[in-house]
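Structure, as structure tokens:
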């Protein structure tokens, strides 16, 4: 064997080792989730043992039970009729997104996130559904600022695009550069914004959202997937919304000193704490709580403790969304 042949084989083997050792999930892999409901370890690897699933440390899908139940469990927790009752006026003629957000798209998107509403007892699972739909209802509400029929908390999911975006939400980022002519304003149930969020989300769900950001307002299943991705994915120093609502997040001493304790209020802090938390009472936080209480009542579960973030300091840098 010649020297050049030996060198070529060595380089191929080296490439194989480097590529084969790439992390599989979490912040090391652009927010990707493990397949089959497996836990993502703090180092970005997928597995089902305590080394992968122990909290703190585990990044996502931290149930510790390996593959989670399929979406059939979700349909047993929230039926089509209940979904329609909760999002009562989403298809009203006054809502620009009427006809877009469907129950079928919600269930289909959940198949990509099998840990959603499958962890803990039935009350915990229903509470996660209520919290997810409440936060996203606030982001897409059509019931604020007027005497809405059936009250403001029956008007979630009225919008799928940000109103009058102040910019294109394009930041300099070598990993997720903006595509020419594309804008990354809020879209979908969670009103995902900024190119780096579109890039991370797209990588995790297998869709090129940097070049096709409008998919979040034209394809309802992909739109719901973007919201589930945000919900399930921790972005340091923030835990995931999922881990908070199922009780898998343990606040650090710094968190407690900042007033960040387990409960629905921390989820608001994760989503939009920089604008809404640590400022005392405000209408935005109250609106999020109002949706949550209504949905918990419909599902027949208690609210839990610490619903607001009025006295919580915001988290540091990480993924966030801008409210409409």
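Any Cβ shown, glycine's included, is placed from N, Cα and C.
What Swiss-Prot lists as signal peptide is 1-22, and the listing cites similarity to another entry.
Residues or ranges marked as domain 'Chitin-binding type-1' in Swiss-Prot: 23-64.
When other Cβ atoms within 10 Å of the Cβ of residue 40 (disulfide bond) are tallied across all protein chains shown, the result is 31. In the three-state DSSP scheme, residue 40 (disulfide bond) is classed as strand. As annotated by Swiss-Prot, disulfide bond applies to 25-40 (among others).
Within 10 Å of the Cβ of residue 34 (disulfide bond) there are 25 other Cβ atoms, across all protein chains. In the three-state DSSP scheme, residue 34 (disulfide bond) is classed as coil. According to Swiss-Prot, the feature disulfide bond maps to 34-46 (among others).
Annotation comment: Swiss-Prot describes 39-53 (among others) as disulfide bond, evidence class sequence analysis.
Taken from Swiss-Prot, the feature disulfide bond covers 58-62 (among others), and the record attributes it to sequence analysis. Its Cβ placed at the centre, residue 62 (disulfide bond) has 26 other Cβ atoms within 10 Å.
Residues annotated as disulfide bond in Swiss-Prot, with sequence analysis given as evidence: 95-158 (among others). Sequence-distant neighbours of residue 95 (disulfide bond) (same chain, 6+ residues apart, CB-CB distance under 8 A): 89, 142, 155, 157, 158, 159.
According to DSSP, residue 139 (active site, proton donor) is assigned to a helical segment. Swiss-Prot lists 139 with the feature active site, proton donor.
Sequence-distant neighbours of residue 170 (disulfide bond) (same chain, six or more apart, CB under 8 Å from its CB) are 178, 182, 183, 184, 194, 195, listed in sequence order. Feature annotation from Swiss-Prot assigns disulfide bond to 170-178 (among others); the stated evidence is sequence analysis.
For the recorded site, residue 277 (disulfide bond), the DSSP three-state label reads coil. Among the features that Swiss-Prot reports, disulfide bond is placed at 277-309 (among others).
The closest partner of residue 46 (disulfide bond) among the recorded positions, by CA position, is 25; the full candidate set was 25, 53, 62, 139, 309. According to DSSP, residue 46 (disulfide bond) sits within a strand segment. The Cα of residue 25 (disulfide bond) lies closest to that of 34, out of the recorded positions 34, 39, 53, 62, 139. Using a 10 Å Cα-Cα cut-off from residue 34 (disulfide bond), the recorded positions that qualify among 40, 53, 58, 139, 277 are 40. The two recorded residues residue 62 (disulfide bond) and residue 139 (active site, proton donor) have their Cα atoms spaced 27 Å from each other. Every protein chain shown contributes to the tally, and the Cβ of residue 309 (disulfide bond) ends up with 30 other Cβ atoms within 10 Å.
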